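> Sharing a structure below in structure tokens format, with a few things to ask.
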């Protein structure tokens, strides 16, 4: 069974349709896949610990645009590398400017931009070699090398012992060993001289005059007093103009991402307020029985508010008004005669 890990950026949590779409694509390709999802901040802060050699695929979901907004800490890349099995793949919204960090963590960058965990290379094993055994008298024994002592080189000329049978043979051996030593000394002395001559190389001879003639040296953005410019000049050739343009684009990208987050949060708050307005309490005529006594057919708690002050309670809102019928508009027009 294939195990897949979804690493969600915090902004991807607000877009439920995006996460649902990715899960449906996974289920269409791998119906028996075991999908686990975590927010990448919790993994980076080690609140959630991932087990080593567990997941076959890790999919990183980050809806933000721009390489700056998709960068991953090197420590997080190492955690993801350890959680993958051999030949495991990390794919999704990966930053293309962090391929070197991925390679340093152990990944291999694929042709489609995916990061692949390679198989472990087998360790080298040292094989001990047995010494050659020499059979002596039917039994194998380990023999040490034997050495022969050289005779003195200051032998008297013309004085030989004719009684010895092997005198000429010994002289031939001594002469051949002398020649061998002389040839070895001559060989090594000549080779040392040649090495010393080869090691001393003038670096100026490696550069031809044709190449140095057409070199273009960029002009430094410096003021006459030796101080550097704060801003790039009009015809900048030292690269300061490109650095400023990159900084400006990074700032604008960061501002756009912050504004997008603010817009998304404002939309969520507006939706919550609309839902609260839909659930607001509204009263109908039946619910206003104890509130508005002028509605026809409605009576107060004492059922005598319309009869007059003699029948009204102490806290009745109609104290001082003449008797009326329920539903009748009460108007007072006779105050002009008393004035």
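Backbone N, Cα and C define each Cβ position, glycine as well.
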> Between the candidate ranges 287-301, 302-316, where does Swiss-Prot place the region 'Fe-S binding site B' annotation?
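Per Swiss-Prot, the stretch marked region 'Fe-S binding site B' is 302-316.
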> Could you work out which of the binding-site residues (236, 238, 305, 313, 316) has its C-beta surrounded by the smallest number of other C-beta atoms within 10 A?
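Across 236, 238, 305, 313, 316, these binding-site residues, the one with fewest Cβ atoms within 10 Å is 313.
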> Counting by DSSP secondary structure, give me helix, strand and coil numbers for the motif 'Cx2C motif 2' (313-316).
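So the motif 'Cx2C motif 2' (313-316) is made up of 0 helix, 0 strand, 4 coil.
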> I need the CA-to-CA distance for residue 316 ([4Fe-4S] cluster binding site) versus residue 233 ([2Fe-2S] cluster binding site), whole Å please.
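Here the two Cα atoms lie 86 Å apart.
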> Take the C-alpha atoms of residue 236 ([2Fe-2S] cluster binding site) and residue 305 ([4Fe-4S] cluster binding site) and report the distance between them in angstrom, rounded.
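The Cα atom of residue 236 ([2Fe-2S] cluster binding site) is 92 Å away from the Cα atom of residue 305 ([4Fe-4S] cluster binding site).
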> Which whole-number mean pLDDT does the model give the region 'N-terminal SAM-like domain' (1-157)?
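Its mean pLDDT is 80.
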